[in-house]
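**Student:** Below is the structure I would like to discuss, written out as structure tokens.
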Amino acid sequence: MGILDIEVWGKDSRKHEERLGTCKVDIAALPLKQANCLELPLESCLGALLMLITLTPCAGVSVSDLCVCPLADPSERKQIAQRYCLQNSLKDMKDVGILQVKVLKAVDLLAADFSGKSDPFCLLELGNDRLQTHTIYKNLNPEWNKVFTFPIKDIHDVLEVTVFDEDGDKPPDFLGKVAIPLLSIRDGRPNCYILKNKDLEQAFKGAIYLEMDLIYNPVKASIRTFTPREKRFVEDSRKLSKKILSRDVDRVKRITMAMWNTIQFLKSCFQWESTLRSAVAFVVFLVAVWNFELYMIPLALLLLFIYNFIILTKGKTGSIQDSQESTDVDEEEYDDDKESEKKGLIERIYMVQDIVSTVQNILEEIASFGERIKNTFNWTVPFLSFLACLILAVATVALYFIPLRYIVLIWGINKFTKKLRNPYAIDNNELLDFLSRVPSDVQKVQYAELRPCSSHSPLRKKRSAV
């Protein structure tokens, strides 16, 4: 409890930064667990900062040695499990669960120093929580043996573990990274994760050994799915890249072609290009329209989930390797990007960079939106697909027994009174919030766990080329 110093900075397209002003907040003077709306005038410049500050005691964050592992104590583990049991589903809705990560060791790391060694340390990021290990000097096979505990606010968050080489006053050198979705964690089992490059698309040199335990409340996790996702405070700005732009164009093209083929199929039914197909479509149209009820819409979507689940159990769905192939690029393109960066061509045309970067981001959003819808029905994340099936089943029953006017009335009353019940409530779209938790095809590749025998490493490619 003390003084919170706040700085406001501005940055233009040329990466020039300028401090615009500062202000201070006395944390000790604010009440706990209460939303405090403050208007703070900025020092040394005009303007003010409007802030909403809530002080909430944070439990669960800790760093310890293996000998004092929190979940290793049976009594403490039972107490934590009791806190997240189904009976406590409506208590403290923001406290979804707890994650314990044992960072054991890393092996065969890349040598970053001239001496043929590295000074590795490990950074763990979950949402906006960041913890790191100590540095082990002059070692390519470090053993940290540390235990990190994170509170879980969103079960759909991804744990990012990055290994760096400490380089004195200079920024640390990158030694590898892995991204692990919380829902893919296998409790209590040590796992060897092959390190990936910065883009998380190809294998890097070395591996890291982790052991994780996850305890969470499924009811709280399900409710949290339909609320806005927390934004990352520290996030790398996306650079302009021919590789990424080309990939996003291909992703949008695939979605567009799928929609176009569907439209052409429907058009062919009206053109009687195939007599059997048009006759069947005509009979289905008459039966469907004559017997149509509103509850049949969620019922049809529910049947689509069931159909895809049956196909999945038979092993006919495409593997992650298909997505890997679609997102992999030739080494020549990668080298071209490096050459363009060295020449500084992009740095000399800032205006064009901003325009192309905007187009790149729009294409990324369009492609990701279409892929998230597809992956919802494909059971990419079983938790989300099962949750969607549950919602559709409830919607089917509700539309069957409750008149539509009552449902619309309840929805309208909720929307109109939302700001009256909570003045600081952020308006959101529950459907878009749900889809934001579904990974796109690119994220599926990034989150995929590589096998030790994987041959995607760029280092191996270069050696084989020689």
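Note that Cβ sites are derived from N, Cα and C of the backbone, with glycine treated the same way.
Not my notes, these are from TrEMBL:
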DOMAIN    74-195  domain 'C2'
TRANSMEM  280-307  transmembrane segment
REGION    320-340  region 'Disordered'
COMPBIAS  325-338  compositional bias 'Acidic residues'
TRANSMEM  383-411  transmembrane segment
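So that I understand the layout, could you describe where these features sit and how close they are to other parts?
**Tutor:** In terms of DSSP secondary structure, the domain 'C2' (74-195) contains 16 helix, 55 strand, 51 coil.
When Cβ-Cβ distances below 8 Å are used as the criterion, the transmembrane segment (280-307) is approached by residues 269, 377, 379, 385, 388-389, 392-393, 395-400, 404 of the same chain, each at least six residues removed from its ends.
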**Student:** Could you pull out which residues elsewhere in the chain have a CB under 8 Å from any CB of the transmembrane segment (383-411), counting only those six or more residues past its ends?
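**Tutor:** Long-range Cβ neighbours of the transmembrane segment (383-411): 155-156, 183, 221-222, 225, 293-295, 297-299, 301-302, 305-306, 309, 376-377, 434, 437-438.
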